[in-house]
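Report on the following structure.
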């Protein structure tokens, strides 16, 4: 009798589990695509759904960026469905996004964007989103390292290097400043005019502000024919093709609309890095943002503390961007390390 009860319990448990999983996957599939009742197609769909389930499992950090209903201000701005990287599957821009993007640097007679993107993905892998494919840890900790002079004598280097991802931007040298800025870089955000040579294992994230930026990256790893945009740019770069990622133009507009509320002409690389990291990381720490303790705005590699022309260009609203990051820190979505 006891054996029969155990067997019955096992059968019931199996049936409940089977019904639950079947219901879950069918409902999930229905939200994505219409279900096709061919065995091979079903297996593929179940496999893809299982991958998505694993990728998007709950964060295990103490404070998880994506957690909602903790701040109305944050919930109004953060859109988890936005895709930060351009791929062959999501490359079609809506008309209003395309028109807005074209105005950023007022490019004269740009080439056809669709043709440019097709050529881009003949050279750069564009069939998957590498950042999301790598999402295999319960708590991904990321350091976003800005270029502020407040990093000098901060001794943040080892702390920065302890993160899973370390994002840097533009010129950002590390040689000679290792104790303060660290040695590790996993992703480096650049545009053609700010490019610097990267380490072999560093992923380059190109931030395109105009069509020629996309053409440049193709040229720079193939023919080397583009050596000038509005200023001279490197004709050739040494970056592995599978290490080249493209920041999505629609994501730039999302940052501008949702987070900057239209302040400035367009977002700085700094705030683009911050919001990008919030969408691919579970925990984000900022280093090298803002002025130093004396109120000076300068780069950590500059010997002139009073420098800060980059803040006075009128292109970016540095004060508003600073307020955004300060607010994010105040509601425990990110942490800011202010250095010296």
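Placed from the backbone N, Cα and C atoms, the Cβ positions cover glycine too.
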Candidate from 163, 279, 298, 299 that Swiss-Prot assigns to the same substrate site as 105, 147, 170, 230, 266, 270, 290, 316: 299
Candidate annotated in Swiss-Prot as N-linked glycosylation site, out of 27, 201: 201
Nearest of the recorded positions (59, 139, 201, 281, 323) to residue 105 (substrate binding site), judged by Cα-Cα distance: 323
Three-state secondary structure, residue 139 (disulfide bond) (per DSSP): coil
CB within-chain contacts under 8 A for residue 281 (disulfide bond), separation at least 6: 65, 140, 141, 142, 164, 165
Fewest-neighbour residue among recorded positions, criterion Cβ within 10 Å, set 170, 201: 201
Position of peak Cβ density within 10 Å, selected from the recorded positions 79, 105, 114, 323: 105
Densest Cβ neighbourhood among 64, 142 (disulfide-bonded residues), 10 Å radius: 142
Between residue 323 (N-linked glycosylation site) and residue 266 (substrate binding site): CA-CA distance (Å): 16
